[in-house]
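Undergrad: Shown below is the structure under consideration.
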């Protein structure tokens, strides 16, 4: 009885090993992505997680945007905590300096917007043990750089800010405690920055640039949050050298794909990273939480939605990165001389490629290494395959696309059919068919239920993966049943090689020309396909020579010509026959078939050990000496019987694991980053097409083996596909756990008292939401395209809402009454200069520290009383400014704004003076409270701009 080979290329082993590998690795990736490592019961000395959690609960009790009284309370609490840490450890001013920065201000522009901002940052400087130079001296050596760790303590007006950025703030407090332990004291100076005003225009980081201490750090670690809980990912990094310090983290998490997402605008949020690197010149890291985005900037960004594990994940990453950077004593992050443009000379790093493996291992290498490897593979791989093809031809064993073999010469009238071409075009047909189905499903979802991805991303993934696999199996298995081919696996690998070669070529161009490295998995994809294909080439060297195989039938043919009972030709089941003996193609052998045809054996012995005939004996076999063809898989070419039946398992292990891990990681990251962005106005079609493409890349490695699958797994996946298609088409796209974000603002005409409340959101859904609000019922809705550039794909619905009570009638009154006439909410006066194109506007708003001046035509010059000039900042952009945003440290203080405009083009300057109110803690914005109270459970409000309430008056000069 033949022994069973558990690794043979037969249905049982193929189904088992392929299923185990895919299911096991998918499960491991999901566990890594969706769970957070436990925090330690015994953290490092100086770290107190219980204390950190208590701090987080305290600062997130109320909304605390810059323009709120709660913001001042948070600031006072942080100062007291910092002083408490310093006092506990008996540190003096020479070791730790606290800078309560109430003097820095910045005037700058971005596009058509100008900003004047007064900072209230808190800065703690821990002098490094090897830093004995004064911080504010021009004689400070340019290579004596420190490390900046930043978090912002303001929240948005519609969220408590636990993740954005409360966890970052308490992390900074714990770093202060850690690095002021004597045995943890850093060699480099560490600057801990708690900035205020990040949410409104990255204002706090700009104000930090105005402080002289900003010239001390050369590297930075920015702590942020764009979700609620989960793992803190490495959002982006400036260079390879800095990233290597993040790799010291115990639980690294992230991929360079997110960095490219910022570059290409796929991720619309911005962080202080842009200021520190782009304007100050520092090199560093952006570590942030990233999902779920539906809770970002809402009341669900609270301690209830995060955890101690998430806090520890960010803290441990910041601790490892900061410790490493603060221990560098060389000049790796320093230029040779100081710069005179206000930027820090932190040297130049190399663009990098980085990704984690299961949240435990972090891989980092340089971009030019990626480029070199890509070019090398693109050159070496085709040459190697050409060489192997030549070797097979020299050995007379090249069955690829071989149609026939001759016993004596090419003049032989009776060649033996090899059928080496069979199955060559099979894989591209299968691939295109399956891919077309998943692309069609993407368009189907957009047509009938475009936003189901918002709440059910894994249902969409299940649909795409199961659809592609079933369709690919159906066509591949059907073709194999009709025309079996021993070369189907190799031909599939050849087509995969061609496709991945083209993909890698494109990626290489992007790497070289645009420094976009998000396609790094293509390098590994191509490498494993190349390795697997080489094994198939080497496998053919085990086949008999074509000449020996042809002579194998010489005696058989002679015998059959002399026997009337053996007149039936060799058939398609053996797939080797004389060309003139094939009146019927692809018939099965019967009892009339010659018994001397190649020692035909049953499939039960496929893959078992057999005695083989030597090559020399094959070439000289005569008469009754027959060629031992081994065990042929039913229906496949007889010359394939001697091919090793176990090579496929090595090919599967080469192809599947690395592709699943690298592509799967990118797939999960992109899903997390994008699946809830349609509420921001992003196109859902792009998301579905991205999932379809990634599904194809994930499952394409099954192509060479899928024809061996029995119907069981594909049938199950067909049922999964059917169920998920139905669900994805009919299910409501939002839920209590995945709420649709809508954006709130209330605008009050302070001259007439008229107020308009608006919600901006997805078309058709925002109308349903507004219809459930008591104040909007029985009112005509005006739904238009929003005037916010980043929300153009949404709809804004307006109605007359509940009056705002943002200005108290008497000092200290809360909740505020509405007895104060709206005309007194803001005041302005205009003083015209001696020239027709100059004027000064004095603006003051009650109970606010944020106002704007919006112009109908651009201004060309701007100067705010008290502003400090900085050559790094341009008050007005090249095309002028249409809006000036004004921020004070104190409530109710005036701004004096001197303006210049082009009088030749615009004889008059007109526009609006607007003041903002953002404090939703005291019941002073009843319209916002109403929205929060009456919104359906599947929706949640967020702010659309800096203020929840905007009061305005018109002006003309």
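Cβ from N, Cα, C; glycine included.
Below, the features straight out of Swiss-Prot:
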TRANSMEM  11-31  transmembrane segment
TOPO_DOM  32-369  topological domain 'Vacuolar'
BINDING   164, 199, 297  Zn(2+) 2 binding site
ACT_SITE  198  active site, proton acceptor
SITE      296  site 'Transition state stabilizer'
TRANSMEM  370-390  transmembrane segment
TRANSMEM  424-444  transmembrane segment
TOPO_DOM  445-450  topological domain 'Vacuolar'
TRANSMEM  451-471  transmembrane segment
TRANSMEM  491-511  transmembrane segment
TOPO_DOM  512-521  topological domain 'Vacuolar'
TRANSMEM  522-542  transmembrane segment
REGION    560-591  region 'Disordered'
COMPBIAS  564-577  compositional bias 'Polar residues'
REGION    603-628  region 'Disordered'
TRANSMEM  643-663  transmembrane segment
TOPO_DOM  664-685  topological domain 'Vacuolar'
TRANSMEM  686-706  transmembrane segment
TRANSMEM  714-734  transmembrane segment
TOPO_DOM  735-957  topological domain 'Vacuolar'
Undergrad: What other residues of this chain sit with their CB within 8 A of the center of the CB atoms of 164, 199, 297, the recorded Zn(2+) 2 site?
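TA: Sorted by sequence, the hits are 155, 156, 159, 161, 165, 225, 296, 301.
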Undergrad: Tell me the Cβ contacts of residue 297 (Zn(2+) 2 binding site) under 8 Å, same chain only and six or more apart in sequence, or just say none.
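TA: Counting only residues 6 or more apart in sequence, the Cβ neighbours of residue 297 (Zn(2+) 2 binding site) under 8 Å are 156, 158, 159, 164, 741, 942, 943.
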Undergrad: Rounded to a whole number, how many Å is the Cα of residue 199 (Zn(2+) 2 binding site) away from the Cα of residue 296 (site 'Transition state stabilizer')?
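TA: Rounded to a whole number, the Cα-Cα distance is 12 Å.
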Undergrad: Taking pairs 6 or more apart in sequence, does the count of Cβ pairs under 8 Å between the transmembrane segment (491-511) and the transmembrane segment (686-706) hit 3 or more?
TA: yes
Undergrad: Restricting to CB pairs under 8 Å, which listed stretch, 11-31, 370-390, 451-471, 522-542, 686-706, is in contact most with the transmembrane segment (714-734)?
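TA: Comparing 11-31, 370-390, 451-471, 522-542, 686-706 against the transmembrane segment (714-734), the winner is 451-471.
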Undergrad: DSSP on the topological domain 'Vacuolar' (512-521): how many residues come out helix, how many strand, how many coil?
TA: 4 helix, 0 strand, 6 coil
Undergrad: Taking 10 A as the limit, how many CB atoms besides its own sit near the CB of residue 296 (site 'Transition state stabilizer')?
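TA: Its Cβ shell of radius 10 Å holds 24 other Cβ atoms.
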Undergrad: On a simple 10 Å Cβ count over all chains shown, which one of the recorded positions 198, 199 is most densely packed?
TA: 198
Undergrad: Helix, strand, coil: count each for the residues of the topological domain 'Vacuolar' (664-685), based on DSSP.
TA: 17 helix, 0 strand, 5 coil
Undergrad: May I ask for the residues of the chain that lie six or more residues beyond the topological domain 'Vacuolar' (445-450) and have a Cβ under 8 Å from a Cβ within it?
TA: 460, 678, 684-685, 688, 728-731, 733
Undergrad: Grab the same-chain neighbours of the topological domain 'Vacuolar' (664-685) for me: Cβ-Cβ under 8 Å, and only residues 6 or more beyond its ends, written as numbers and ranges.
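TA: Same-chain residues near the topological domain 'Vacuolar' (664-685) but 6 or more away: 25-26, 29-30, 33, 233, 254-255, 257-258, 261, 266-268, 290-294, 355-356, 442-443, 445-446, 450-451, 453-454, 457, 461, 518, 521, 691, 694, 698, 738, 740-742, 761-762, 790-794.
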Undergrad: For residue 198 (active site, proton acceptor) and residue 296 (site 'Transition state stabilizer'), determine the Cα separation and express it in whole Å.
TA: 15
Undergrad: For the topological domain 'Vacuolar' (512-521), give me same-chain residues lying six or more residues beyond its boundaries with a C-beta closer than 8 angstroms to one of its C-beta atoms, as numbers and ranges.
TA: 256-257, 260-261, 263-264, 351-353, 355, 367, 370-371, 503, 506, 659, 662-663, 666, 697
Undergrad: Count the Cβ atoms, other than its own, that fall within 10 Å of the Cβ of residue 164 (Zn(2+) 2 binding site), considering every protein chain shown.
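TA: Other Cβ atoms within 10 Å of residue 164 (Zn(2+) 2 binding site): 28.
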Undergrad: According to DSSP, folded down to helix, strand and coil, what is residue 296 (site 'Transition state stabilizer')?
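TA: In the DSSP reduction, residue 296 (site 'Transition state stabilizer') maps to coil.
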Undergrad: So what's the average pLDDT for the topological domain 'Vacuolar' (512-521)?
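TA: On average, pLDDT over the topological domain 'Vacuolar' (512-521) sits at 95.
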